[in-house]
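> The structure is given below, and queries will be raised subsequently.
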Amino acid sequence: MNIVILAAGTGKRMRSALPKVLHPLAGRPLLSHVIDTARALAPSRLVVVIGHGAERVRAAVAAPDVQFAVQEQQLGTGHAVRQALPLLDPSQPTLVLYGDVPLTRAATLRRLADAATDARYGVLTVTLDDPTGYGRIVRDQAGCVTRIVEQKDASADELKIAEINTGIVVAPTAQLSMWLGALGNDNAQGEYYLTDVVEQAIEAGFEIVTTQPDDEWETLGVNSKAQLAELERIHQRKLAEALLADGVTLADPARIDVRGKLTCGRDVSIDVNCVFEGDVTLADGVTIGANCVIRNAAIAAGARVDAFSHLDGATLGANTVVGPYARLRPGAVLADDAHVGNFVEVKNATLGHGSKANHLTYLGDADIGARVNVGAGTITCNYDGANKFRTVIEDDVFVGSDTQFVAPVRVGRGVTVAAGTTVWKDVAEGMLVLNDKTQTAKSGYVRPVKKKS
């Protein structure tokens with residue numbers, strides 16, 4: 001089967017410089033969702049028709065299995081499909097999809113394709129309580145489809161019809177090519193409508209078959225930011241329902257956003273207002289607190305991420321505790337039972353088994369061993385303005401508060417670092433390291449008093 005995706009429209013109502021089909025739904029372009037659905041049908045040819053913002057669209061979705069046809073002027077859906085014809089296999093039927101209709105299930109499209117075999121032309125329709133704005137399916141007394149009429153060209157009686165055309169069709173490619181070549185543009189818009197092919201198919205003796213989706217929202221398109229927001233909520237609701245069905249506990253299914261792939265084990269609990277981006281894995285018994293953002297992370301069994309924490313490219317071992325208000329950046333790796341607390345940032349660093357950095361700390365480009373206690377206010381000074389250097393802290397080190405490690409530096413096993421120390425040279429195993437300081441107390445000091453105006 002050939003699949004053609006129409007993605008050339010200007011999207012004026014979006015009021016955006018970004019091509020409509022590149023606006024994100026669940027963190028990915030609308031068009032990417034449609035391409036994924038198309039791939040699930042294993043097409044022999046997959047062609048995307050581009051026009052407005054063509055090069056941006058091409059760059060966003062380019063892949064070895066995707067071909068592109070360009071519609072230089074937006075002259076209607078029939079004209080758009082015509083641009084794809086040279087790239088299609090004429091011996092296979094063609095399914096036409098839309099880059100701004102992202103939620104159609106592959107199973108729905110498979111049903112339509114299966115119905116439109118031999119000398120049949122398949123149309124996906126849906127019955128709406130309010131069909132305003134859509135092309136109507138006109139049937140004769142026997143229930144056979146006779147034509148599809150657009151809203152602007154419909155009579156008063158035709159406007160009362162509730163069954164509408166979604167625009168998604170399947171047709172035999174060789175005949176479709178002939179029909180498209182014969183299209184006219186004698187209509188209110190002066191465009192070449194793909195829907196007008198139906199009358200030609202009937203005249204050629206083709207039966208018009210219709211199927212409907214299981215859910216109305218499968219056929220909803222995006223023409224405005226309001227519609228995009230509506231589809232986002234529908235999509236997120238379906239994702240939340242799938243998580244609940246898999247046994248995940250959601251404090252409020254209406255307040256979770258999945259913008260990628262979220263894989264959960266047993267007894268996972270997710271509090272409100274959490275966002276998951278990219279590829280995220282939560283193993284058995286993981287607990288995620290409220291208002292967390294987690295991107296491209298793997299979190300092992302029994303771990304806990306407390307509220308307002310941000311994880312990006314991080315790996316957490318079993319029974320780790322993170323947050324609240326922690327930030328783990330790419331390359332952060334926490335071994336089993338490690339703790340990273342409030343206002344701690346970890347970047348390109350490892351924290352060994354049972355090690356803890358519980359308060360107000362920056363650990364960047366560091367290798368920290370097991371059972372290390374990192375005191376509040378500790379900083380790894382990893383950057384000289386041009387180059388990054390690593391700090392190595394071996395097992396069983398105790399780091400006092402307000403300590404700076406000036407990399408590159410290595411601190412040996414079992415070292416104790418006194419509070420307020422700046423470590424800029426390597427420290428041998430088992431040593432106490434501190435900076436000599438004196439404390440002066442002066443009597444008779446009078447603190448200045450601010451004058452009142």
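Any Cβ shown, glycine's included, is placed from N, Cα and C.
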> Need a hand: Swiss-Prot gives Ala376, Asn382, Tyr383, Ser401 for acetyl-CoA, which of Ala349, Ala357, Ala419 is also on that list?
Ala419
> Across the record's acetyl-CoA-binding residues Ala376, Asn382, Tyr383, Ser401, Ala419, the largest CA-CA distance in angstrom?
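Max span of the acetyl-CoA binding residues, Cα based, is 22 Å.
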> Show me the subset of Asp100, Ala376, Asn382, Tyr383, Ser401, Ala419 whose Cα is within 10 Å of Gly9 (UDP-N-acetyl-alpha-D-glucosamine binding site); these are the binding-site residues I mean.
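Qualifying among Asp100, Ala376, Asn382, Tyr383, Ser401, Ala419: Asp100.
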> Would you mind listing the long-range same-chain contacts of the region 'Linker' (226-246), meaning Cβ under 8 Å and 6+ residues beyond its ends?
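Counting only partners 6 or more residues beyond its ends, the region 'Linker' (226-246) has Cβ contacts under 8 Å with 14, 23, 25-26, 30, 102-103, 217, 220, 253-254, 256-258, 262, 264, 270.
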> How does the region 'Linker' (226-246) divide up by DSSP, counting helix, then strand, then coil residues?
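Residue counts in helix, strand and coil order: 20 helix, 0 strand, 1 coil.
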> CB neighbours of Asn382 (acetyl-CoA binding site) within 10 A?
22
> If you draw a 10 Å sphere around the Cβ of Ala419 (acetyl-CoA binding site), how many other Cβ atoms fall inside it, taking every protein chain shown into account?
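I get 14 for this one.
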> Taking only the Cα atoms, work out how far Gly76 (UDP-N-acetyl-alpha-D-glucosamine binding site) lies from Asp100 (Mg(2+) binding site), in Å, as a whole number.
15
